[in-house]
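Participant: Following this message is one structure expressed as structure tokens.
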Amino acid sequence: MGNQLAGIAPSQILSVESYFSDIHDFEYDKSLGSTRFFKVARAKHREGLVVVKVFAIQDPTLPLTSYKQELEELKIRLHSAQNCLPFQKAAEKASEKAAMLFRQYVRDNLYDRISTRPFLNNIEKRWIAFQILTAVDQAHKSGVRHGDIKTENVMVTSWNWVLLTDFASFKPTYLPEDNPADFNYFFDTSRRRTCYIAPERFVDGGMFATELEYMRDPSTPLVDLNSNQRTRGELKRAMDIFSAGCVIAELFTEGVPLFDLSQLLAYRNGHFFPEQVLNKIEDRSIRELVTQMIQREPGQRLEADDYLKQQRGNAFPEVFYTFLQPYMAQFAKETFLSADERILVIRKDLGNIIHNLCGHDLPEKAEGESKASGLVVLVSVITSCLQTLKSCDSKLAALELILHLAPRLSVEILLDRITPYLLHFSNNSVPRVRAEALRTLTKVLALVQEVPRNDVNIYPEYILPGIAHLAQDDATIVRLAYAENIALLAETALRFLELVQLKTLNMENEPDSEEVDEATRPNGDYDTELQALHEMVQQKVVTLLSDPENIVKQTLMENGITRLCVFFGRQKANDVLLSHMITFLNDKNDWHLRGAFFDSIVGVAAYVGWQSSSILKPLLQQGLSDAEEFVIVKALNALTCMCQLGLLQKPHVYEFASDIAPFLCHPNLWIRYGAVGFITVVAHQISTADVYCKLMPYLDPYITQPVIQIERKLVLLSVLKEPVSRSIFDYALRSKDIASLFRHLHMRQKKRNGSLLDCPPPEDPAIAQLLKKLLSQGMTEEEEDKLLALKDFMMKSNRAKANAVDQSHLHDSSQKGVIDLAALGITGRQVDLVKTKQEPDEKRARKHVKQDSNVNEEWKSMFGSLEPPNIPQALPKTSDHEVVPTGKSPRSESSAGVCVPLSTSPQVSEAAHIPSKKPVIPVVSSTVLPSTYQIRITTCKTELQQLIQQKREQCNAERIAKQMMENAEWESKPPPPGWRPKGLLVAHLHEHKSAVNRIRVSDEHLLFATCSNDGTVKIWNSQKMEGKTTTTRSILTYSRIGGRVKTLTFCQGSHYLAIASDNGAVQLLGIEASKLPKSPKIHPLQSRILDQKEDGCVVDMHHFNSGAQSVLAYATVNGSLVGWDLRSSSNAWTLKHDLKSGLITSFAVDIHQCWLCIGTSSGAMACWDMRFQLPISSHCHPSRARIRRLSMHPLYQSWVIAAVQGNNEVSMWDMETGDRRLTLWASSAPPLSELQPSPHSVHGIYCSPADGNPILLTAGSDMKIRFWDLVSPERSYVVAGSTGSPSVSYYKKIIEGTEVVQEIQNKQKVGPSDDTPRRGPESLPVGHHDIITDIATFQTTQGFIVTASRDGIVKVWK
């Protein structure tokens, strides 16, 4: 711009804000600094923040136009240079006070980034240096020289992408060596005196004599030296190479510049060399690169491209060239403006990224480490997006990426770059994100195996306080995550403390280090730090152990309670953990929590030691009598483990053995196995004498024969007696007066033993009935003995269940989200998982009579009674107490908690019997077996035939429904043949106070309904529209939905009306129309409120009945397509439309309900398969004009009729091929042209097959009603319109393969033909005066048209 500017003193100094008065697109934000040459400000634009550089014009003769053209050309040349950011706009103010340059704002330049935390590591510096050379190479190959490369003009984004900006071709190429004024004016904008200019640009001052003469004598005319300069020499590539070398050197010396102005001038003359600064560059290849780039002779400097090739694999890793540069360049494009998109792209490419950056097939380890370090560049992209992510899925994807990359990152990156963002996410508004952030933080910190000096206090001062609030988070899922990870967090914090302590001791013991830096020394000594850490963790552990949600407590116990014991030490493990855990057994409603206690108590007891056995003994005994059999199993397993570890004293062991021995006949298989496991472990721990003297007496009642190797599980299991029958056990356990039952059973046992002469029947009728029921279920004397052996357990369990019931009544048992199946009387269905042995038919036949008592009522109902209905009297009768089943019930081997419910179908047998080895009573005579067996089969066959008949009826119903669907009519009352409305106004209805949005007619044409922006829905009687009454009013008005009612529809075959409002409400109304013409009633039946942020309001709705479902389909503005099953009040299906193709404006459903089509605001028409809920195809209008209304074609199943924005266009599209088959064009514009001189559009469509001759009625913004005869287009006409409308004719032509019916205005008024009916008198303005919003027809004694308009008017025509 000439060197003369340096000497001009401004006549007036204005603030930079004052120059924004004439700029309308930019709003001043803040000043970025000012110099004599430029005033720099940041401004707001609709596309983002921009930098505005203002040049105050002091000399109006300056040739600014040429500079503006040069900058425009430079912008075009650098369009494809991804590392260059030229000025996007150059403007001169109208008042000619200033010239302004505009470019995108980038927050950080390289000078600021070098001194900003987190500091750049070596690989990031190499990456930035690589990009600087790449940017210079891109500019030079585009024919552009920069002229002012310095750290202030190298912009660095938050993801370390370099942008070379502020191209200074307008600044002077050459500067006088003896006068620093020009340098200060043009290049030293930072006032640091740092010089990046190539030495050859400083020339002898004689060539600037003209300027000096002017400064001495102001009367001398000023000469613009710029043109002369350009003829003498322009900017050379070598000049930019020198400047780039200075920038790279400053990057690798932590901000120490190579030259200031005086040093550069001395270097130019050979009196100075920056060796001292260059030696600070540790990397030899980088030092050699810089040395070559700052050669004093320009000819010795290479091109930027040559340096890139030369340093490939040396200063710059190979992966920069092969992967990082092309991959990262895609994020610099405008298509990736969203942080969410960047994260999703990286997650999609993660496998490829890991393969390229962390491949394990490298020949040398050093190269592998170099490639792995390239992940740091990728991490900067991820972290730059974290704070601006919008969707929950994107945030979770980012956390997933961090977790995948963390094991391959260095400690510094994990602590300095990753951890702060994870703590930021721990304060996110979405609970899922907070929970996942905590999990990710825990796993990332667990990877740190060494602690840097500056991070010695990161846990107590940063991490633990940063997540402390999560222990009291409102969301249970977050507290769950805290409970799940607090043990690992505490373990990692302790390891950090120990690593810091070890490092401190090593530093103190080194002879060369007399003093330890106070900044890196941990606060206080080790014991003090450990005590503080214990207190911080203890506070959160106690909070979690006292959480109101049991699942949080359970999670804490199941995830590292033993590690917390190690962290706290023995004393605190006993005082803090064990004392809180004991209280969990008081919760009688949550057996999962009690079970988790016994799962985790072994680890705690093992750490606390055998001293805890006296405390745990009553707790373990309580677990052995728990009401839930799962808890008993867990208590048995805990006792077994504690016995193996020697944590139980010998007297306690024998006491537990006495309590556990009766479990050997418990009906639950898992409990029996648990009891066997404990007995065998005890046998291992004690001597042989103790086994036979103390242990065997407990076992004798439950084994069939003496056993020697009692410590072997298989041996003990093989000699166990048969367990108590599950049905008998459960029935006895559920009895209210179980104590009286056991007293009577004890008396019966004494009588059998001979110690009691007689056992009178029980006096209590309830006990007598109970005993009779037990005997009828097969209770034998042996079963009675086993029940008595389990007496203590059953009494305690009965009391525990009673207490649990009482406690559930005291507390609110109907907890939110908890369904009590027992309270609902629902019985779980079970099958035995033990495979039964196949037996010969005659054996199975013999057992049928005896097994009937064990089969439940449902089995009998399904397959018939096992006992024939008419048993011959010759069969011997046996008493109840003699009848013992030969097979075992499935519940004899499993409890309700253990068995897996395989099916809820009644066909699944609940009595998969396992035959007994020894029958207890003789079988019946073989003479009656064949008939008994035959009768059972006949009963089963009858049930099977009934099932087959039921299935046949169901199949017939489905076939009829299918036929109904195939024979579905387009409309129940079509217009009469040859119907051509005359356009006579029958009724003018003005009850609505705002725009009417939709009209719908009921199936039998008895009613029609309108909805309006005034919030009302009005029901009209069609019979009163024939003009026979003097006044016509609506028969019903409904206004309780709120908001503006946008759409409505009648349900097929009913007087149910569905309506939707813009406040998100959708309601189903019932209309009692059986009393017409009397006033009917209306009442809401169902309703739902849509999420305005997630779904938005409803834009269109339809109803169809598929036989099995009555579906109300509605589309929302945010792209949701929902099928609401009105019979089950749930969604039959939900589809999600991609909003990239536009917002949904309308949709239509195929008459056979096989597919639907949606229209969008961008002209797209997308088809969905209703059977599989999958998108089929999508076609777009050539002009991408908005689809205003969609309708199915009445004759062609694959066609849709679409009303398009502009030119009154209505087109018929074959969605199977995507072809536009027929277009109705009521516009003066050339048919099918994309220009729209006519803004009018069709807003309402009515189509009818009309007995094979389809007709179409349209109405819209031109306030005309048109009748289109699709068979004979020339017979189409305007039914009703504004007064004085010119007459029109219709012609059919073929344009580009599409049939077009065009409306053409007649030049002269032609009388109506015989076929065209006359409209009403021309003088009566009967037409609408505002946009017609919808049109419909109904049939009474004749055909009628009903229209509605934006001014709230409803008109009826015939």
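Any Cβ shown, glycine's included, is placed from N, Cα and C.
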Participant: When you get a sec, could you say which of 825-849, 875-899 is annotated region 'Disordered' by Swiss-Prot?
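Facilitator: Within the set 825-849, 875-899, Swiss-Prot attaches region 'Disordered' to 875-899.
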Participant: Where Arg36 (ATP binding site) and Asp148 (active site, proton acceptor) are concerned, what is their Cα separation in Å, rounded?
Facilitator: 17
Participant: Within the same chain, and leaving aside Leu32, Gly33, Ser34, Thr35, Arg36, Phe37, Phe38, Lys39, Val40, Lys53, name every residue whose CB is within 8 angstroms of the centroid of the CB atoms belonging to the recorded ATP site, in sequence order.
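Facilitator: Going along the sequence, the neighbours appear as Val16, Val54, Thr189.
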Participant: Taking helix as H, G and I and strand as E and B in DSSP, count the residues of the repeat 'WD 6' (1237-1278) in helix, strand and coil.
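Facilitator: So the repeat 'WD 6' (1237-1278) is made up of 3 helix, 20 strand, 19 coil.
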Participant: Find the one among the binding-site residues Ser34, Phe38, Val40 whose C-alpha lies closest to that of Asp148 (active site, proton acceptor).
Facilitator: Phe38
Participant: Under 8 angstroms, Cβ to Cβ: which one of 413-450, 1040-1079, 1093-1134, 1182-1223 has the largest number of such pairs with the repeat 'HEAT 2' (458-495)?
Facilitator: 413-450
Participant: Among the binding-site residues listed here, Leu32, Val40, whose Cβ has the fewest other Cβ atoms inside 10 Å?
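Facilitator: Least crowded of the binding-site residues Leu32, Val40, by Cβ count within 10 Å, is Leu32.
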Participant: Only counting partners 6 or more residues apart, tell me which same-chain residues put their Cβ under 8 Å from the Cβ of Phe38 (ATP binding site).
Facilitator: Lys53, Val54, Phe55, Thr189
Participant: Residues sitting near the repeat 'WD 3' (1093-1134): Cβ under 8 Å, six or more positions beyond its termini, same chain?
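Facilitator: Sequence-remote neighbours of the repeat 'WD 3' (1093-1134) are 957-958, 960-962, 964-965, 1046-1053, 1056, 1058, 1060-1064, 1066, 1068, 1086, 1143-1149, 1153, 1156, 1158, 1168, 1170, 1173.
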Participant: Using DSSP and three states only, what is Leu32 (ATP binding site)?
Facilitator: strand
Participant: Check each residue in the chain of Ser34 (ATP binding site) that is at least six apart in sequence and keep those whose C-beta is under 8 Å from its C-beta; list them in sequence order.
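Facilitator: Spatial neighbours, sequence-distant, of Ser34 (ATP binding site): Val16, Val40.
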Participant: Given a 10 Å Cβ-Cβ cut-off, pick out the one of the recorded positions Arg36, Asp148 that has the most other Cβ atoms nearby.
Facilitator: Asp148
